[in-house]
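TrEMBL lists Asp81 with the feature active site, proton acceptor. Per TrEMBL, site 'Important for substrate specificity' is recorded for Arg19, Thr82, Gln168.
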Amino acid sequence: MTNAFSMLRPLILASGSPRRRAFLESVGIPFACRPASCPEPRPLPGEEPRAYAMRSAEAKARFVLSSLSEKEKGAAVLAADTIVILRDEGGPSILGKPRDEEEALAMLSRLSGRSHEVATACCLAMDGRTECFDDVTKVTFAPWPLPVLRAYAASSDPLDKAGAYGIQEGGAFLVRGIEGSWSAVVGLPLDKVLEKLLSCGVLALRQG
(Lines of atoms letter the chains of each structure in order from A; the text may use other names.)
(Lines give C-alpha, C1' and ligand atoms only; values in the text may rest on other atoms or scores of the structure.)
Protein backbone atom coordinates (compact mmCIF):
# COMPACT_ATOMS: atom_id res chain seq x y z
CA MET A 1 0.00 0.00 0.00
CA THR A 2 1.26 3.50 -0.86
CA ASN A 3 0.69 6.75 0.99
CA ALA A 4 1.27 9.03 -1.99
CA PHE A 5 -2.22 10.56 -2.11
CA SER A 6 -4.42 12.67 0.15
CA MET A 7 -8.18 13.03 -0.25
CA LEU A 8 -9.74 16.37 -1.19
CA ARG A 9 -13.28 15.02 -1.11
CA PRO A 10 -14.89 11.67 -0.15
CA LEU A 11 -14.96 8.92 -2.77
CA ILE A 12 -17.71 6.35 -3.22
CA LEU A 13 -17.13 3.25 -5.35
CA ALA A 14 -20.38 2.30 -7.10
CA SER A 15 -19.43 -1.37 -7.38
CA GLY A 16 -19.48 -4.51 -5.29
CA SER A 17 -16.53 -6.02 -7.15
CA PRO A 18 -13.85 -7.23 -4.72
CA ARG A 19 -11.28 -6.76 -7.49
CA ARG A 20 -12.08 -3.07 -7.94
CA ARG A 21 -12.05 -2.54 -4.18
CA ALA A 22 -8.64 -4.23 -3.96
CA PHE A 23 -7.13 -1.94 -6.61
CA LEU A 24 -8.17 1.22 -4.75
CA GLU A 25 -7.02 -0.25 -1.44
CA SER A 26 -3.63 -1.10 -2.97
CA VAL A 27 -2.82 2.59 -3.44
CA GLY A 28 -4.11 3.61 -0.01
CA ILE A 29 -7.21 5.51 -1.15
CA PRO A 30 -10.01 5.57 1.45
CA PHE A 31 -13.47 5.08 -0.03
CA ALA A 32 -16.97 3.91 0.76
CA CYS A 33 -18.52 1.10 -1.26
CA ARG A 34 -22.09 1.44 -2.51
CA PRO A 35 -22.98 -0.91 -5.38
CA ALA A 36 -25.40 0.56 -7.90
CA SER A 37 -28.71 -1.29 -7.63
CA CYS A 38 -30.11 0.03 -10.92
CA PRO A 39 -30.89 -2.42 -13.75
CA GLU A 40 -28.12 -3.01 -16.29
CA PRO A 41 -28.97 -1.15 -19.51
CA ARG A 42 -29.27 -3.20 -22.66
CA PRO A 43 -27.18 -2.50 -25.77
CA LEU A 44 -29.03 -0.39 -28.33
CA PRO A 45 -29.34 -1.63 -31.93
CA GLY A 46 -26.11 -0.81 -33.75
CA GLU A 47 -24.49 0.64 -30.65
CA GLU A 48 -20.70 0.35 -30.56
CA PRO A 49 -19.65 -1.87 -27.62
CA ARG A 50 -17.36 0.76 -26.08
CA ALA A 51 -20.16 3.33 -26.23
CA TYR A 52 -22.46 0.85 -24.51
CA ALA A 53 -19.96 0.22 -21.70
CA MET A 54 -19.55 3.98 -21.18
CA ARG A 55 -23.32 4.46 -21.07
CA SER A 56 -23.63 1.63 -18.55
CA ALA A 57 -20.90 3.06 -16.30
CA GLU A 58 -22.46 6.51 -16.45
CA ALA A 59 -25.90 5.13 -15.56
CA LYS A 60 -24.44 3.45 -12.46
CA ALA A 61 -22.57 6.58 -11.39
CA ARG A 62 -25.60 8.83 -11.84
CA PHE A 63 -27.83 6.37 -9.96
CA VAL A 64 -25.58 6.33 -6.90
CA LEU A 65 -24.94 10.09 -7.10
CA SER A 66 -28.70 10.73 -7.04
CA SER A 67 -29.09 8.56 -3.93
CA LEU A 68 -26.59 10.49 -1.79
CA SER A 69 -27.83 12.12 1.38
CA GLU A 70 -27.41 15.85 2.03
CA LYS A 71 -24.30 15.14 4.10
CA GLU A 72 -22.79 13.17 1.19
CA LYS A 73 -23.48 15.69 -1.57
CA GLY A 74 -19.84 16.69 -1.90
CA ALA A 75 -18.65 13.13 -2.54
CA ALA A 76 -17.37 11.84 -5.87
CA VAL A 77 -18.83 8.60 -7.24
CA LEU A 78 -16.74 6.20 -9.33
CA ALA A 79 -18.49 3.53 -11.40
CA ALA A 80 -17.10 1.03 -13.90
CA ASP A 81 -18.33 -1.54 -16.39
CA THR A 82 -16.19 -4.24 -18.02
CA ILE A 83 -17.16 -6.08 -21.20
CA VAL A 84 -15.45 -8.54 -23.52
CA ILE A 85 -15.71 -7.72 -27.23
CA LEU A 86 -15.25 -10.38 -29.89
CA ARG A 87 -15.12 -9.01 -33.43
CA ASP A 88 -16.30 -11.30 -36.23
CA GLU A 89 -17.14 -10.72 -39.87
CA GLY A 90 -20.75 -10.17 -38.85
CA GLY A 91 -19.77 -7.41 -36.43
CA PRO A 92 -18.75 -7.15 -32.79
CA SER A 93 -20.31 -9.29 -30.06
CA ILE A 94 -20.46 -8.31 -26.40
CA LEU A 95 -19.74 -11.15 -24.00
CA GLY A 96 -21.00 -10.36 -20.53
CA LYS A 97 -21.20 -12.59 -17.47
CA PRO A 98 -22.42 -16.11 -18.29
CA ARG A 99 -25.69 -17.21 -16.72
CA ASP A 100 -24.59 -20.80 -16.23
CA GLU A 101 -21.91 -23.39 -16.98
CA GLU A 102 -23.26 -24.08 -20.46
CA GLU A 103 -23.11 -20.44 -21.49
CA ALA A 104 -19.63 -20.13 -19.95
CA LEU A 105 -18.40 -23.03 -22.09
CA ALA A 106 -19.93 -21.48 -25.21
CA MET A 107 -18.11 -18.19 -24.54
CA LEU A 108 -14.78 -19.88 -23.82
CA SER A 109 -15.09 -21.94 -27.00
CA ARG A 110 -15.55 -18.78 -29.05
CA LEU A 111 -12.53 -17.14 -27.43
CA SER A 112 -10.17 -20.12 -27.62
CA GLY A 113 -7.19 -19.56 -29.95
CA ARG A 114 -8.31 -16.03 -30.83
CA SER A 115 -7.77 -12.44 -29.82
CA HIS A 116 -10.49 -10.30 -28.29
CA GLU A 117 -10.80 -6.92 -26.58
CA VAL A 118 -11.56 -6.21 -22.95
CA ALA A 119 -13.06 -2.75 -22.50
CA THR A 120 -13.45 -1.23 -19.05
CA ALA A 121 -15.40 2.02 -19.03
CA CYS A 122 -15.35 4.29 -15.99
CA CYS A 123 -17.44 7.27 -14.95
CA LEU A 124 -16.61 9.79 -12.23
CA ALA A 125 -19.66 11.75 -11.10
CA MET A 126 -19.74 14.70 -8.71
CA ASP A 127 -21.49 18.05 -8.33
CA GLY A 128 -24.08 17.00 -10.91
CA ARG A 129 -21.54 16.40 -13.71
CA THR A 130 -19.83 13.32 -15.09
CA GLU A 131 -16.42 12.51 -16.58
CA CYS A 132 -16.31 9.26 -18.57
CA PHE A 133 -13.27 7.43 -19.94
CA ASP A 134 -12.29 3.91 -20.90
CA ASP A 135 -9.42 1.55 -21.57
CA VAL A 136 -9.25 -1.24 -24.15
CA THR A 137 -6.82 -4.15 -23.89
CA LYS A 138 -6.17 -6.87 -26.47
CA VAL A 139 -6.17 -10.38 -24.98
CA THR A 140 -5.18 -13.53 -26.87
CA PHE A 141 -6.26 -16.99 -25.74
CA ALA A 142 -4.18 -20.11 -26.28
CA PRO A 143 -5.97 -22.77 -28.40
CA TRP A 144 -7.10 -25.00 -25.55
CA PRO A 145 -9.05 -28.19 -26.43
CA LEU A 146 -12.69 -28.57 -25.44
CA PRO A 147 -12.10 -30.87 -22.40
CA VAL A 148 -9.89 -28.21 -20.80
CA LEU A 149 -12.45 -25.48 -21.45
CA ARG A 150 -15.23 -27.69 -20.10
CA ALA A 151 -13.30 -28.37 -16.89
CA TYR A 152 -12.73 -24.66 -16.32
CA ALA A 153 -16.36 -23.81 -17.16
CA ALA A 154 -17.46 -26.31 -14.50
CA SER A 155 -15.54 -24.44 -11.80
CA SER A 156 -17.07 -21.50 -9.96
CA ASP A 157 -14.55 -19.06 -11.43
CA PRO A 158 -16.26 -18.01 -14.72
CA LEU A 159 -19.76 -17.17 -13.51
CA ASP A 160 -19.19 -13.65 -12.15
CA LYS A 161 -16.82 -12.46 -14.86
CA ALA A 162 -17.30 -10.89 -18.28
CA GLY A 163 -16.29 -13.33 -21.00
CA ALA A 164 -16.41 -16.23 -18.51
CA TYR A 165 -12.82 -16.01 -17.31
CA GLY A 166 -10.74 -14.33 -14.64
CA ILE A 167 -7.19 -13.50 -15.71
CA GLN A 168 -6.27 -12.77 -12.08
CA GLU A 169 -7.60 -16.10 -10.82
CA GLY A 170 -8.04 -19.59 -12.22
CA GLY A 171 -8.43 -18.41 -15.80
CA ALA A 172 -4.88 -17.06 -16.12
CA PHE A 173 -3.72 -20.24 -17.89
CA LEU A 174 -6.17 -19.59 -20.74
CA VAL A 175 -4.34 -16.43 -21.79
CA ARG A 176 -1.32 -16.49 -24.10
CA GLY A 177 -0.71 -12.75 -24.03
CA ILE A 178 -2.13 -9.28 -23.47
CA GLU A 179 -1.44 -5.90 -25.07
CA GLY A 180 -2.46 -3.13 -22.72
CA SER A 181 -3.51 -2.72 -19.11
CA TRP A 182 -3.67 -5.82 -16.92
CA SER A 183 -5.66 -3.97 -14.25
CA ALA A 184 -8.25 -2.91 -16.84
CA VAL A 185 -8.77 -6.54 -17.83
CA VAL A 186 -9.38 -7.37 -14.17
CA GLY A 187 -11.90 -4.53 -13.89
CA LEU A 188 -10.32 -1.10 -13.29
CA PRO A 189 -7.69 0.79 -15.35
CA LEU A 190 -5.90 1.99 -12.23
CA ASP A 191 -3.51 4.41 -13.94
CA LYS A 192 -6.32 6.22 -15.76
CA VAL A 193 -8.51 6.24 -12.65
CA LEU A 194 -5.77 7.90 -10.59
CA GLU A 195 -5.11 10.45 -13.35
CA LYS A 196 -8.82 11.35 -13.42
CA LEU A 197 -9.13 11.56 -9.62
CA LEU A 198 -6.13 13.90 -9.54
CA SER A 199 -7.24 16.10 -12.46
CA CYS A 200 -10.80 16.42 -11.11
CA GLY A 201 -9.70 17.42 -7.62
CA VAL A 202 -10.70 14.28 -5.75
CA LEU A 203 -7.09 13.39 -4.89
CA ALA A 204 -3.92 15.39 -4.37
CA LEU A 205 -0.33 14.25 -4.20
CA ARG A 206 0.85 14.09 -0.63
CA GLN A 207 3.64 16.57 0.05
CA GLY A 208 6.70 15.63 2.10
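The backbone N, Cα and C atoms fix where each Cβ goes, glycine too.
Unlike curated entries, TrEMBL annotations are predicted automatically.
Taking each of the recorded sites Thr82, Gln168 in turn and counting other Cβ atoms within 10 Å of its Cβ gives the largest count for Thr82. Rounded to a whole value, the Cα-Cα separation of Arg19 (site 'Important for substrate specificity') and Gln168 (site 'Important for substrate specificity') is 9 Å. Here the C-alpha separation of the residue listed as 'active site, proton acceptor' and Gln168 (site 'Important for substrate specificity') works out to 17 Å. In three-state terms derived from DSSP, Gln168 (site 'Important for substrate specificity') belongs to neither a helical nor a strand segment and is classed as coil.
Sorting the recorded positions Arg19, Asp81 by the number of other Cβ atoms within 10 Å puts Asp81 first.
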